[in-house]
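> My structure is below; once you've seen it, I'll send some questions.
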């Protein structure tokens, strides 16, 4: 291999190079360099853990159930294998770029699009820049929704007060605002350490909490129904959990020895995969299909569940900053903002964060939104593009070296040519090419089918009004909540404590402004014999009466009590009897003409 050449980059990142397009790799392909002020490979691994592990992890148990235990474990392992492989490919791509084109050793605000340019040409740079912006933007929206939901659960549990979680979306965005002005991951490595540690501890507590509940919950567990649609939706969530590749080149660029990025990827992926398997298997075996969106509300030890809430939120908040970094840098590159803090950077990053907040306020279906993001932009940036870039960059490098040896290319000729499909076929070892094609097929087929299922589910699901629409209609509301735990069992009525007071599904107390009629609809799990209870308007002089049309079990309603406040609004409390055949859905008030 010969002796490696080490090029040292000082803190201002300046290099005495005259021709940035001239390759320096032709004389010694093993050349490398050292960034004297960069982070270590171990710290880069911490950044990867902080970037990836947390938001997707808490949704994995339900996704594992939707895919089936065995098939789900295989899907997680395949996603880990292929996304880890593409992460290594990203590292090799960026290292090759810094060797072949020395200008990339200075601060680069858009490493991922530049990689696309060197692999496929200028059109790819523009296309990937758009994909990166959309991907990081949607990830930030999902993380903001999850953190707002966690804060809502904390307030509900400790104070019995349920503020509209939309308020927390705005509040969290305001807290993150000043941190979004930081330039690169080197500027907030402390946040990455907090993010990685908090998510790792949270994973341990999830396993502990689910194991504690398992003796009570597992005997009453029912696994989710296995369907092709549910399986494809689980693909999107699992890939989302392994997403984060959009930030990989930015992390590697800030390393002291970028050539050691493979160590960072391998070590972080070993930890992440083991944690994901432990969390998903334990959660599924304890709770089955009683989980809703994430595993946290199903954990019945209050201190464990809320500690996890705090830790996951501590993970998500700095992760939002890490995710926003390449997004903001790309936007700044588009509109030619100087690479230093100033009024224009402040304005651009403020607008970016505002748009993330506005989108989160508009799209409230967390589970389906997460599936869609994982199946589309995350699949593209994680499973597809890194391998495509690697194949074409390796082929173009070998093609240039052959030209230099044959004398058809002069050593000082700018290194600007890209490879074609024929070059990829010729220069790539066939076994390695076959593995890349398998990886690409896994990403392409899985992404397309999962995206179709997610879009279909979003279309047919009940529409939820955006937060700002509800604020305009009803103002800022607060309501006393009932139970805060998704109790386990087929009908979500099994607890450690015997009663159902803490169960969020069977007990609720809610304020309905302008209440005319409330319809209580109870549906059998087999779709037969719905039970409808109609509560008339609140009256000043007469206590409200209930008239019900009953079908199926007639003793379903234990008590219904309405406490009068005034003529236009009232507090409604429902205490519904546990049932082995029915689930309950409480709908919004309906027109008095019914």
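Cβ from N, Cα, C; glycine included.
What TrEMBL shows for this protein is this:
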type	residues	note
REGION	1-30	region 'Disordered'
DOMAIN	37-399	domain 'Amino acid transporter transmembrane'
TRANSMEM	39-62	transmembrane segment
TRANSMEM	68-88	transmembrane segment
TRANSMEM	127-146	transmembrane segment
TRANSMEM	158-179	transmembrane segment
TRANSMEM	191-212	transmembrane segment
TRANSMEM	232-248	transmembrane segment
TRANSMEM	269-287	transmembrane segment
TRANSMEM	307-325	transmembrane segment
TRANSMEM	346-366	transmembrane segment
TRANSMEM	372-392	transmembrane segment
TRANSMEM	431-455	transmembrane segment
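Show me how these features fit into the structure around them.
Under 8 Å from some Cβ of the transmembrane segment (39-62) lie the Cβ atoms of residues 76, 87, 142-143, 146, 185-186, 189, 191-196, 198-200, 202-203, 206, 210, 224, 237-238, 240-244, 247-248, 251-252, 254-257, 260-261, 263-265, 267-269, 271-272, 275-276, 279-284, 287, 289, 291-296, 308, 312, 315-316, 318-319, 322-323, 367, 370, 374, all in the same chain and six or more residues away from its ends.
Under 8 Å from some Cβ of the transmembrane segment (127-146) lie the Cβ atoms of residues 55, 58, 110, 112-113, 115-116, 169, 172-173, 240, 243, 246-247, 294, 312, 316, 319-320, 323-324, 326-327, 330-331, 333-334, 352, 355-357, 359-360, 363-364, 366, 369-370, 373, 377-378, 380-381, 385, all in the same chain and six or more residues away from its ends.
Through the fold, the transmembrane segment (269-287) approaches residues 48-49, 52-53, 57-58, 60-65, 69, 72-73, 76-77, 80, 83-84, 87, 200, 203, 206-207, 210-211, 213-214, 217-218, 221, 223, 241-242, 295, 298, 486, 488 of its own chain, all at least 6 residues removed from its boundaries and within a Cβ separation under 8 Å.
Here the transmembrane segment (307-325) has Cβ contacts under 8 Å with residues 47, 50-51, 53-55, 58, 136, 139-140, 143-144, 146-147, 150-151, 153-154, 172, 175-176, 179-180, 182-185, 188, 191-192, 194-196, 198-199, 201-202, 205-206, 209, 246-247, 250, 296, 299, 349, 352-353, 356 of the same chain, all six or more residues outside its ends.
Residues 137, 140-142, 144-146, 148-149, 166, 169-170, 173, 176-177, 180-181, 293, 324, 327-328, 331-332, 335, 337, 458, 461, 464, 466-468 of the same chain sit 6 or more residues outside the transmembrane segment (346-366) yet have a Cβ under 8 Å from a Cβ within it.
Non-local neighbours of the transmembrane segment (372-392) in the same chain are 56, 82-83, 85-87, 89-90, 92-93, 112, 115-116, 118-120, 128, 131-132, 134-135, 138-139, 142, 232, 235-246, 418-419, 423-424, 428, 433, 436, 439-440, 442-444, 446-447, 450-451, 453-455, 458; each lies 6+ residues outside the stretch with a CB under 8 Å from one of its CB atoms.
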> Would the transmembrane segment (431-455) count as touching the transmembrane segment (232-248), i.e. at least 3 C-beta pairs under 8 angstroms with sequence separation of 6+?
yes
> Six or more residues beyond either end and a Cβ under 8 Å away: which residues meet both conditions relative to the transmembrane segment (68-88)?
48, 60, 223, 226, 231, 234-235, 238-239, 241-243, 245, 248, 262, 265-266, 269, 272-273, 276-277, 280-281, 284, 382-383, 386-387, 435, 439, 442-443
